[in-house]
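Here is what TrEMBL records for this protein:
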type     : residues                                        : note
ACT_SITE : D26                                             : active site
ACT_SITE : N74                                             : active site, proton acceptor
BINDING  : D26, E213                                       : Mg(2+) binding site
BINDING  : 27-31, R39, H43, 71-73, W75, R77, R194, 200-202 : substrate binding site
Amino acid sequence: MKYKSSLENNEKYHKHNPRHVAIIMDGNGRWANKKGKMRILGHREGFKAVKKAIRFSLINNLKILTLYAFSSENWNRPLFEIKSLMELFSYALDSEIQNLKKYNIRFKVIGDIKYFDKKLQNSIYNAEKMTLNNSGLILNIAANYGGRWDIIQSIKKIINKVQQGVLHVNNIKEKTLSQYLSTSKLLPVDLVIRTGGEKRMSNFLLWQIAYSELYFTDVLWPDFNQNIFQHAIDTFISRERRFGGFKKYEK
Ligand code: IPE
Ligand code: IPE
Ligand code: MG
């Protein structure tokens, strides 16, 4: 019985627009390189593509847009690029805060941001606080995010509960781990889009994408636009999500 009802739940949004889209925004460096520009100019152009993706999400009534902005492995880059990315993030936050309010967007960051400088951390907390009561699109930015980090920080919280005696080991379920992930309050990820041609997750949401649909495009992130976003959505809608079950064919 339980099996049947969970299938029915999933079918509720089958063949509809995704509610939660997550994007791995890759290819800024190559975009700049092709044009003989510095990588940071690719990132700046990438910020324009971010605004296009947000506009599309608003027009199409998506509930959640999660954007992979900085991975826990991106610290492997030259210091200059890291600093430039942080500056761009700060600038983007300060310049867009009014628009977040205007368009009723709730801003949220997932990731281990304590490694960012204090000013950026404060801008993040401030934007989260100022948009907390907005009821429209949730704009969820993954910054210093790693899927493995997310799972580990959830496990730590679970162990804490076990040690406090409020949770028994036998009661640790899949739901328990999900409850302590950074995405716990968000709807499931329906669709992951990756630009830039690579076909890998690069430590983005790992646990969360068990049944997400994946869409890869060679388009470099700064060239991303509404048409490509629409194509990804159309592809999503045309797919059959079975969640391990099967389609009931008409007789
Ligand atoms: C993605 O573009 C943006 C971040 C990782 C911050 P890249 O900087 O990875 O661009 P490519 O992959 O080198 O082209
Ligand atoms: C993934 O892109 C991270 C972000 C888009 C923020 P990367 O460019 O870091 O991924 P790899 O190194 O090609 O796997
Ligand atoms: Mg890359």
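Cβ from N, Cα, C; glycine included.
What TrEMBL says about a protein is an automatic prediction, not a curated fact.
Features recorded in TrEMBL, as mapped to the structure shown.
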residue : record                       : Cβ neighbours (10 Å)
D26     : active site                  : 19
G27     : substrate binding site       : 26
G29     : substrate binding site       : 20
W31     : substrate binding site       : 23
H43     : substrate binding site       : 23
N74     : active site, proton acceptor : 18
W75     : substrate binding site       : 11
R194    : substrate binding site       : 24
M201    : substrate binding site       : 15
E213    : Mg(2+) binding site          : 19
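With a CB cut-off of under 6 A applied against ligand 3, the recorded positions D26, S72, N74, R194 are reduced to D26. Within its own chain, S72 (substrate binding site) has G111, D112, N144, Y145, G146, R148, W149, N203 as residues 6 or more apart in sequence whose C-beta sits under 8 angstroms from its own. Between the CA atoms of W31 (substrate binding site) and the residue listed as 'active site, proton acceptor' there is a gap of 18 Å.
Here the candidates are the binding-site residues G27, G29, H43, R194, and by Cα distance the one nearest E213 (Mg(2+) binding site) turns out to be R194. When the recorded positions N74, W75, R194, M201 are ranked by how far their Cα is from the Cα of D26 (active site), R194 comes first.
H43 (substrate binding site) sits 13 Å from the residue listed as 'active site, proton acceptor', taking the Cα positions as reference. According to DSSP, W31 (substrate binding site) sits within a helical segment. Screening the recorded positions D26, G29, S72, W75, M201 for a C-beta under 6 A from any atom of ligand 2 leaves D26.
Note: the CA-CA distance between N74 (active site, proton acceptor) and G29 (substrate binding site) rounds to 13 Å. Checking the binding-site residues S72, R194, E213 against ligand 1, none has a C-beta less than 6 Å from an atom of that molecule.
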